[in-house]
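Reviewing the structure listed below.
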Amino acid sequence: MVRITEDLVRRRAEHNNCEIFSLEEISLHQQEIEKLEYLDKWCRDLKILYLQNNLIPKIENVGKLKKLEYLNVALNNIERIENLEGCEELRKLDLTANFIGELSSVETLKYNIHLKELFLVGNPCTDFEGYRQFVVATLHQLKYLDSKEIERSERIQALQSYPEVKQKIREQEQAYLLKRAKEKEEAQRRMRERKDRKEKQMEAELGLDSPDSLQYKENHQTEGEREQQMWRTAEDDEEDRRFWEEPTPYTPESRLETHRYIEEKRKAKDNIRGSKKREKPLPKLVTAEGKVLNINMPKLHFSLKDDEENNQFILDLAVYRHLDTSLLDIDVQPTYIRVLVKGKTFQLVLPEEVKPDSSSAKRSQTTGHLVVSMPKVKEIILAKQKLSTSVKPSNSNTTQKSTRSRPNDGYLVHNSNGSFQQKQKLQPSNIKKANKLRN
């Protein structure tokens, strides 16, 4: 049974900063609520309350909502009008498409002196002869009934024929209540039959779960298991067909039974899906022969670079930029690298062996990628480049400097043909030798 909880009310009170004590309007429609409770304690200032399209069988626990002006409980399982005397400011009441057959219960609305609009269309009581006259004559404060304005002349005529109309309404109510009693008995009978079929089905399933079949369960998709699954599927299809094709009157019981049947089927499907997820085999990382496989379960882009200059491999794995690093698990082996990204395996075989102990990993500060550096096991000796033997041309400054540093290295001689010739300056010892030769 779905109930109104404080958490549900707070979630539906987002427009009021999730504060419920000062809440003036709340919408709890289509929540499959089966009991109306707690709102008169938590939300005393409510003015507008939407509860349409639920499974509420009775109006209750709203009598303390003194400020309530509009109550919408359309499309529920309500059978009579009650417990609204305390809603002193109630101006609009919507009971569309319920199961109200006790039309005389509208007399309880006499105390709601501010009530101007009432909606009863879609209820069994609207089929009663004299329905509108009875309501108009009973509730003098009403201005609109089922969206139609009540004229003054209509009210006068209704008051004049009120005794006779009231008697007819009582008789039709009694006939309706007898019909409802039979419908309730029929609903209980259907529930018992359905319960018995379900018990027989469970017994049959237990019979199939023999020790032999239990052993078969250890092996996935065995022949016995497939046959058992097909049998159960056929049984479910037969039960489903029987349930929807069986003629059933539209009553509060049938509406509740339909809801619970759908909910039961939904839970069964969820359980099957959950078991399939649990039974999903783990990815195969290594073959039976010991060969490591390449796997990319997270479906991430990556690149493996061979850095020959530093004799290492560099893996760039494009993990999500804002992924927490704690969700990454890196395992470097001599021949492959394995990275778990949020539990999903990325595995890559390396072209040659690496040193796991010397490997390092880091996150890129710009892209967030995971960068793993893995030094190779084989050392490669690179030949050093030979120095160039060509003499660089000296500039004018160096020439001048060299000339200045050795100003007496030689001198120029003017030849008879007008050209100059450089002569080496003789040292003192050489001068003496030259003089002796002249003499």
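Every residue gets a Cβ built from N, Cα and C, even glycine.
Positions annotated as compositional bias 'Basic and acidic residues' by TrEMBL: 180-203, 215-229. Annotated compositional bias 'Polar residues' per TrEMBL: 388-402, 414-432, in sequence order. Positions annotated as domain 'Dynein axonemal assembly factor 11-like CS' by TrEMBL: 255-376. The region 'Disordered' annotation in TrEMBL covers 180-251, 388-439.
Taking the domain 'Dynein axonemal assembly factor 11-like CS' (255-376) as a whole, pLDDT averages 88 in the prediction. In terms of DSSP helix, strand and coil, the domain 'Dynein axonemal assembly factor 11-like CS' (255-376) has 30 helix, 45 strand, 47 coil. Residues of the compositional bias 'Basic and acidic residues' (180-203) grouped by DSSP class, helix first, strand second and coil last, total 24 helix, 0 strand, 0 coil.
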